[in-house]
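Enquirer: If you look up TrEMBL, you'll see B:1-21 marked as region 'Disordered'. The transmembrane segment annotation in TrEMBL covers B:42-60, B:101-121, B:148-171, B:183-203, B:215-232, B:259-280, B:316-335, B:365-386, B:415-438, B:450-473, B:480-499, B:524-545.
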Amino acid sequence: MKKAISIAGLHKSFGRTHALDGLDLAVEAGEVHGFLGPNGAGKSTTIRILLGLLRADSGGVRLLGKDPWKDAVELHRRLAYVPGDVELWPGLTGGEAIDLLAKLRGGLDRRRRDELVERFDLDPVKKGRAYSKGNRQKVAIVAALASDAELLLLDEPTTGLDPLMEVVFQDVVLQAKAAGKTVLLSSHILAQVEKLCDRVSIVRRGRTVQSGTLGEMRHLTRTTVEAETERPATGLDAVPGVHGLEVTGRRVRFAVDGAHLGAAMSGLGEFGIRSLTSHPPTLEELMLRHYGDELASNGRTGNGEPAQPSDAAPSTSTGRKGGAPR
Amino acid sequence: MTSTLAPLDASGRSAPTRTASGAFTGTGTLVRFGLRRDRVRLSVWLLALTLGTLATAAEYKELYSTPGERALAVGSMDSPAALAMTGPRHYLSDYTAGAMLGHQLLGFMAVLVGLMSILIVTRHTREEEETGRAELVRSTVVGHHAHLASALTLAVVADLALALLLALGLTALDIDGIGPGGALLYGLAHAAIGLVFAGVAAVTAQVTAHTRGAAGMAFAVVGAAYALRASGDVGNDALSWLSPIGWIQRTYVFVDDRWWPLALCLVLAALSAAYGCVLSTRRDVGAGLRPARLGRPTASDALTRPLGLALRLHRATLLGFGAGLCLMGVMYGSILGEAADMVKDIEQVQEALARIGGSTVAESFASMVMVVVAVAAAVYVVMAALRPRAEESAGRAEPLLATGLSRTRWLGSHVAVALGGGTALLVVAGLGFGLSGAASAGDRDLVLDLVAAAAAYAPALWVTAGVAVLVFGWFPRAGAVAWIVPAYAFLAGYLGPILRLPDWMMNLSPFGHVPRLPAAGMDWTPLLALTAVAAGLILLGLLGFRRRDLEAT
């Protein structure tokens, strides 16, 4: 498959701040790629470099096979961008702003535009200064999706949107995907990423710490198992890959590395399973693996399951392990 | 944001010890907080207004020290045009330095004090609501009327401080005809008119949901009040009595020292402030009484082109400057015929005009007006050329430059509007000056002469724009540096001849190279050179902008 975006060893500093510290990113043509990380991880900086708004200090960046700084205008005709914080002209209406942005990009599908305005329930005759945060986002989303761009760069596009509009947004992105468009979606909303993205990249402090499909990532992390057995389960701690074993009477609970799940289950089977629940790590847990130490330094240990991986967090091995397969 | 919250937390904690649920609860805290926020802004206003007055008073003392000089001043003021620009004729009956202040300066100062008071009120009411900060504050222990009451209190504090500074300062100058009693009345007249317009702003801030709209409506009231008194002072006195600016001028301060017109102001101020309070209870926080105006659902073809967008964004400013400059031209033009008589008695101006070397006094006067017109147009040009910076830091450049619009075309369209708009302003001002000057002097040829004289300044404006573009391209955060050009041009061009600045200092300003038409002859060489310099600066600025990072918000 052709790469829509390929970034290798990207560096960018603002004064003394190293916003990007050797970031890598590969997005295949036609996929929806999730771009995850907390505020200040370097997501927006990366996207602004892809847009040719910022100039990279060093590292290789190719966008649709071209240089995003030198070929900016040519590339911009083939892509659409939604910033996380949309600012509109106070005296221009939302409708005018949509037309302006879409036409400057090189064309506007009038019917599609009206349909999107309708679906997002946007009032196009209000002046920019009168719009709420969510409505300003809608203006940029409609402008981006009404154009015939082959690549969508979405930087936390739905901040301020209500849950209903979130559903509409997901629907529209899936439509775009079905139409063969490539999407880079930077987001905080993990449910959104889980639903939309084929692959994700997790960034931290300007570096990519993990990249792959959700399935691959899950395989590399622990599955949580809770079971009730006929006899109290013993000796499970001897099974390799089992962590955090808790046995209370006939109830047992542990986490197990993906590679050792089979061994753990046959070990458990010897005690006669009466009920069993297991769930793969959620995206939140995957994220927390990489940020657990930051949470801990903020005085939170996190309760319940999402916190579990943070027990293992001090070992930075997860980061290396995650980085290996790609 | 933390600094915003800190004092309110304090109020929240101390509130239970006070009356729990008054409509004005929290006003005191908001006032102190407002003073803290505006300490620099208010100090600059007060200092500028006070120093301006004191400098003018000192100048009057210097220029009109003998009865003979004062009699000449009366003669130069006793014309409809002069009265329209100053105040009622009664001041001329005893034209001391004090009477000159009351006559020539008070009306002008009333406008400035009005602007200050309006901006204080709208800034602390409507702007707080528009930005959403008011919502946060209102959710704490703060009464319904606390915002408006605190904004009005701030205006009262500022206006009274100004009154005190003026009274003390003028008394300290110890000028003949300016006694302590009159000085106090003079100062309080400022406070009174300030409060009237603060009250007006308290009403307009309720009407529209937008800060600029609220301030603009109140400014329009100031303008109307000024226009009423202008026509009243020239013709029917009753018109002046409809204007609060007319009221304070009719204290005849330093002549009759009447105090009672101030009471009219106080009553009007109190009534309008109370009306504002009532209106504020009839609307929601953040909303205006008048629903926000709607616009077009789709963009016109012109708007979706870079130049069309730039024109649309610059339209309001350009029209405002156009109207102002045209009016300025018409006003100066209307006294062009009398200019010879007016200025011949002022020695310094006379000498300055002689240095320009005009064939007639009217032509010399016209040349000098051109400098003022050109500097005013330069102010617009700097504003327009720095507009891309405002767009960039507001985050509105980013989505545009992520489309098929190149950086060169985006910046170029703004620069084109700045260059073309500045030139159009010169022509409009020259036309207004020329038409009304031709009428007042009875010389039809003046129209074309004066338009040409104004247009000759275009290349100097382009250089001004070039400096702003250069700064924007290479040092975007230092945009304000570009203001040096019009500021210096004003100092050198307007005061230079009076202060007898050496030639090399005059030539530092691009405006110093422009032939001073119509007094002097036409000379194309400096104009072509200025145009070339402007082109070079703009190209260099574009080059810098194409190379640098766009600054993200």
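The backbone N, Cα and C atoms fix where each Cβ goes, and this holds for glycine too.
Because the structure is a prediction, the values reported are computed rather than measured.
Quick one: how deep are these features, and who are their neighbours?
Expert: Beyond the transmembrane segment (B:42-60), the same-chain residues lying 6 or more positions past its ends with a Cβ under 8 Å from any Cβ of the stretch are 35, 97, 100-101, 105, 109, 112-113, 116, 120, 158, 161-162, 165-166, 169-170, 173, 175, 178, 190.
If one looks beyond the transmembrane segment (B:148-171) by at least 6 residues along the same chain, the residues whose Cβ comes under 8 Å of a Cβ in the stretch are 24, 27-28, 30-31, 34-35, 38, 42, 45-46, 49-50, 53-54, 57, 101, 113, 116-117, 120-121, 123-125, 178-180, 183-184, 186-188, 190-191, 194-195, 198-199, 202, 205, 273, 276-277, 280.
Same-chain neighbours of the transmembrane segment (B:316-335): 79, 81-82, 84-85, 342, 369, 372-373, 376-377, 379-380, 383-384, 417, 421, 424-425, 428-440, 450, counting only residues six or more beyond its ends whose CB sits under 8 Å from a CB of the stretch.
Residues 314, 317-318, 321, 324-325, 328-329, 332, 336, 339-340, 343, 352-353, 356, 358, 414-415, 417-419, 421-422, 425-426, 429-430, 433, 437, 446, 450, 453-454, 456-457, 460-461, 464-465, 468-469, 472, 479, 482-483, 485-486, 489-490, 493-494, 511, 514, 516-520 of the same chain sit 6 or more residues outside the transmembrane segment (B:365-386) yet have a Cβ under 8 Å from a Cβ within it.
Sequence-distant neighbours of the transmembrane segment (B:415-438) (same chain, 6+ residues past either end, Cβ-Cβ under 8 Å): 307, 310-311, 314, 318, 321-322, 325-334, 336-337, 366, 369-370, 373-374, 376-378, 380-381, 384-385, 387, 444-455, 457-458, 461-462, 464-465, 468-469, 538.
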Enquirer: Under an 8 Å Cβ to Cβ limit, what residues of the same chain, 6 or more beyond the ends of the transmembrane segment (B:259-280), are close to it?
Expert: 144-145, 148-149, 152, 185, 188-189, 192-193, 195-196, 198-200, 202-203, 205-207, 244, 247-248, 250-251, 289
